[in-house]
Ligand SMILES: NC(=O)C1=CN([C@@H]2O[C@H](COP(=O)(O)OP(=O)(O)OC[C@H]3O[C@@H](n4cnc5c(N)ncnc54)[C@H](O)[C@@H]3O)[C@@H](O)[C@H]2O)C=CC1
Ligand SMILES: O=C(CO)COP(=O)(O)O
């Protein structure tokens, strides 16, 4: 199954893209470890940064990340460390896979140690809370002189690490030079570095479209979870997924991304995965809230990274600022952060004036029967 990391052709008529020899991955949580495992299995030397020294030691000694990916063997080519200077020494590319809320402080911490000019790819998904910036823009502000991209798609960490066939998008903005020699672009080189062992990357030059998909899908997954948890059926979930894609398209386009990117792996693909099961932490949070469980009691009171919870705020702030209507995200934000009643909020979402699909008609019709028969409150 593992192709052994042999270079693949970007296109039959072009020379092969050369994989990176040594890479660093920051964040030894589930996704950072899974990406590091994929790279190491494919023959790359990988330095994995763990925030806690004890976790780095455990990974090196037991060849397993018991905390985040128990039972999955860590290849010999992967070495963990809690020292940023050690991890970043001599690397040709860097992946940052810590939660989005810590990205700016992470960038400041690594600034003195990042080799000049290496490409930086983000594995985290979100929009910065305080600024409304995409995460690639946060990195570009903090670390000058690097091409900044993302690896994003429908990729549950455990399934990826177990080598279940998985596809994702590797996106970097293409410079003029990258267009002339795409096989030398960071997107192609990182895609080739990750390719193998069931992991199949696709290359994109639309970083904005890819990042918007990754940020918004988590908020929509919370909405799907809320509705499922409250007792609604599959029709409702399918409607939220589809209308959620529309919200992503509008935001991506308004920010300079492409609508068609949203129909790809990082948009519709990830949304489908995340809205399909409570394996997703975002869907799971929504589901528990929909069942009436108090926020503090969700996940049995344990702290869990739920990006959509923070990103409901940042996505809505950004959407307000640039006047993009995102009613599903607004509903989630109102319930999560403004004390709005879940049942009333979703009822109001369904009772909005009728619109056209796609939004090519200038149409807004009053809903004739806004009081939807909902299963809320049913025994
Ligand atoms: N788990 C998954 O299946 C996938 C996760 N992602 C994204 O990857 C990012 C990381 O998620 P996971 O690895 O799943 O989370 P996780 O909960 O498994 O691990 C989070 C990691 O970040 C570290 N961390 C927490 N706060 C930090 C801080 N302030 N500074 C530095 N490091 C800190 C933790 O020590 C831990 O190593 C998120 O943005 C998530 O949306 C993307 C694709 C798949
Ligand atoms: O982004 C993910 C899969 O692509 C992981 O989703 P959750 O963070 O909701 O678990």
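Note: Cβ is positioned from N, Cα and C throughout, glycine not excepted.
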* To do: Can you match one of 125, 177 to the sn-glycerol 3-phosphate site that TrEMBL gives for 153, 155, 217, 270, 280, 281, 282?
  => 125
* One of 20, 68 listed by TrEMBL as binding NADPH at the site of 31, 51, 52, 125, 157, 281, 305, 307 -> 68
* To do: For ligand 1, pick out the recorded positions 29, 30, 157, 217, 270 that have a CB under 6 angstroms away from one of its atoms.
  => 29, 30, 157
* Asked: If you count other Cβ atoms within 10 Å of each one's Cβ, which of the binding-site residues 270, 307 has the most?
  -> 270
* Can you list which of the binding-site residues 157, 270, 281 have their Cβ under 6 Å from some atom of ligand 2? -> 270, 281
* Structure fact -> When pLDDT is averaged across the domain 'Glycerol-3-phosphate dehydrogenase NAD-dependent N-terminal' (23-172), the result is 98
* Asked: Considering all pairs of residues in 125, 153, 155, 217, 270, 280, 281, 282, annotated in the record as contacting sn-glycerol 3-phosphate, what is the maximal C-alpha distance expressed in whole angstrom?
  -> 15
